[in-house]
Amino acid sequence: MHVLSNPKHVTWLTQMGLDQIGEAYWQLGVPELVEHAIHNSEGVLSAEGALVCSTGKFTGRSPQDKFIVEDEKTRDTIWWGPVNNPFDSKQFDALYEKVTQFLQGKRVYIRDGYASALPEYKLNLRTVTTQSWTNLFVNNLFLRPIDKELTKFSPDFLILQVPEFQADPHVDGTKNANFTIINFTKRVILIGGTGFAGEIKKAVFTVLNYLLPQEHQVLPMHCSANVGTDGNTAIYFGLSGTGKTTLSADPNRKLIGDDEHGWCDKGIFNFEGGCYAKTINLAKESEPQIFDAIKFGTIVENMRFFAGTRTIDYKDSSITENVRCAYPLEYIPGALIPSIGSIPKHIFFLSCDAYGVLPPISQLDKDQAIHYFLSGYTAKIAGTEAGISAPKAVFSACFGAPFLPLHPTRYATMLADKLEKYEVTVWLVNTGWIGGGYGIGKRIDLNYTRAMVTAALSGELAKAGFEKDAIFNLSIPNACPEVPTHILNPSNTWNSVKEYELEAHKLMEAFASNFALYCD
């Protein structure tokens, strides 16, 4: 639809200071957006029909360039610090004006969508982008209104994303030329200087992480979720690379969502309408559902083709390790639509432990669950970042610190209340190393991890009984179907028990130092 044909749209554009734009396209269909992207030289089609695009200079988020406008609404509520940088409200107004002036005479793509599959918590989103592929990304990742809903659509938040606009840090108050700024009072997300579409997704997640606990007492969670044929829901918390998307894409269970959910008294619900999966080393044998979702309508970011073909080389990380694809949830066979589940029966905390000292799976009591939730532990390994030559413990509160506008203890308290109220079993799963740390041991077989998760869900682990780990005081199952018993206790897999204990105590000390941040 050409925007200038609709008086209602013209009125809105005028109110937002966008009335001087040039060509404007509202709610284009997927085929039209793909055509525009190819015509605009934004991307090309792969052999499977997916749209392969480059995000430009930025191939990931820039957390240090994310800001929240500090005003009366946010001054005493935001968890200010390295995660949430304050931005002056007057400087925001000036920068917004500069961005809208920059758009004069330029082509834009506008899309209405919403977050939250549960209607009572719906957040209507209107996104304005300068690139058609980014508009397709928004279509794939957020929930898609039907025609009847569009006629009455009124946005709760405006997202304005202009990669071509470069801020002047000395004048505009940013740290660099790129920025993501959230204004809760004016309900605007302003993004400039970066073409990485994931900034849009995570800015909306940050908004929900602020609004839902304060206005609705809903716990927002950085987790994936699925449900079994018996109706039992499970959720999987984890940082990037821990297996959150992989483990939730189970052919024997229906996928609710792969990344962002809310937990209310009715159950859990997906915030999104799509998935944003990593594709580095993707193989049909190990992740068939994700592999088959890469087809027409899907976006693939920063991937290369095999020479002389349009076949994607999933092993090519020459642009970035953070290669991803964005597709609608419906592209996963058997996905649960609408994506709403019951109160979870099981929670899995996924940690990629590169020290090789955490058990492959262990059961947590309520106090341990809150401890590990606040810790949000995983590990970086040598080679993943400049300057990392040995495993490094990484703690990200609630398994999602970069997206938490409120203090982590606010979310931890909400989780503790739910663990008290409902019968939920919490598990810690090590998807990392066994038999020694990185460089000595080996990464645990994905098939073993799947078998342990399946046994936890079916009750087989509980039937087998548990033994207490001597260092971490974790409850380790005595047996698990399809998994060698000797690997269940990590001390059994090391050549030297003494070396195991030394490394385990190092990790314990790192946990203690990090947890001290929340003890006051």
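Placement of Cβ uses the backbone N, Cα and C atoms for every residue, glycine included.
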Same substrate site as Arg61, Phe196, Lys202 according to Swiss-Prot: which of Arg310, Arg324, Arg410?
Arg324
Among His216, His222, indicate the single residue that Swiss-Prot lists for the Mn(2+) site containing Lys202, Asp259.
His222
C-beta crowding around Arg61 (substrate binding site), within 10 angstroms:
19
Identify which of the binding-site residues Lys202, Lys244 has its Cβ surrounded by the largest number of other Cβ atoms within 10 Å, counting every protein chain shown.
Lys244
Nearest-integer angstrom distance between the alpha carbons (Cα) of Gly238 (ATP binding site) and His222 (Mn(2+) binding site):
7
For a quick check of packing: other C-beta atoms within 10 Å of the C-beta of His222 (Mn(2+) binding site), how many?
24
If you measure from the Cα of Thr242 (ATP binding site), which of the binding-site residues Arg61, Phe196, Asp259, Arg324 is the nearest?
Asp259
Shortest C-alpha distance to Thr246 (ATP binding site) - which of the binding-site residues Arg61, Phe196, Asp259, Arg324:
Asp259
Give me the CA-CA distance between Arg324 (substrate binding site) and His222 (Mn(2+) binding site), in Å, as a whole number.
18
Around the Cβ of Asp259 (Mn(2+) binding site), the count of other Cβ atoms that are within 10 Å:
24
